[in-house]
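Database features (Swiss-Prot):
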| type | residues | note |
| --- | --- | --- |
| DISULFID | Cys235-Cys237 | disulfide bond |
| DISULFID | Cys268-Cys271 | disulfide bond |
Amino acid sequence: MDKIIKSIAQSGAFRAYVLDSTETVALAQEKHNTLSSSTVALGRTLIANQILAANQKGDSKITVKVIGDSSFGHIISVADTKGHVKGYIQNTGVDIKKTATGEVLVGPFMGNGHFVTIIDYGTGNPYTSTTPLITGEIGEDFAYYLTESEQTPSAIGLNVLLDENDKVKVAGGFMVQVLPGASEEEIARYEKRLQEMPAISHLLASKNHVDALLEAIYGDEPYKRLSEEPLSFQCDCSRERFEAALMTLPKADLQAMIDEDKGAEIVCQFCGTKYQFNESDLEAIISDKA
């Protein structure tokens, strides 16, 4: 089961989140049938949103949009504070690798664009923030957002590793944030440790990558695990929700679906679930609109 572990340095100077998001990203790949680069780009976005959602309280919903002018198109993710996340990528078929190493490439082909976050607190006044894409690797772009928009210096590492068949092997990441009151000495010590950390890909390849991430972040410094919470890919779409959407269409459009298509099929963008509405269903909706 996927999870996020929240922790804090005993000194109170820093906190860290580490995530195992393997099942989340694997299910997203399965539902959207993504190729290698699309899988990694979508997966990184889902992990970034899992981190962002873990920072929120109550019943907030968080939308992350990675909008570039590349062949990936838009990447959209929605998460809640209960560990659920869903998402999709417009172009599922991007498959770009280094010829020599087989490394899956994302950043060099993301293009110019923006990292957009929308936090809906349920009050009717969502908070929206937009920052430019810095590298297109998504992790660095997320860190830049946290520093610029939330004024919280943060170190982010996230990635998705694929097997020889381009299926998700492991996915996860971490966030380290400076807390108020941290001394210059403490900040310098952590910056040095982060600079010396192995690459996120190397840590994820460890047998127990969650423990490997924590060890790399804290080293010999004492820390406390605050909580361990489940994570999952979960879509909240339903037939009822799409039926309500059909109710908003003009009667003429609904009648055209009956006359021309003998019904309607609606596919959820976030999870690929198909909902069928036959002629009788559409006639009932028209009747209810009367």
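Note that Cβ sites are derived from N, Cα and C of the backbone, with glycine treated the same way.
Under the three-state DSSP scheme, Cys271 (disulfide bond) falls in the coil class.
Cβ neighbour count for Cys268 (disulfide bond): 18 (other Cβ atoms within 10 Å of its Cβ, all protein chains included). Counting every protein chain shown, the Cβ of Cys271 (disulfide bond) has 18 other Cβ atoms within 10 Å.
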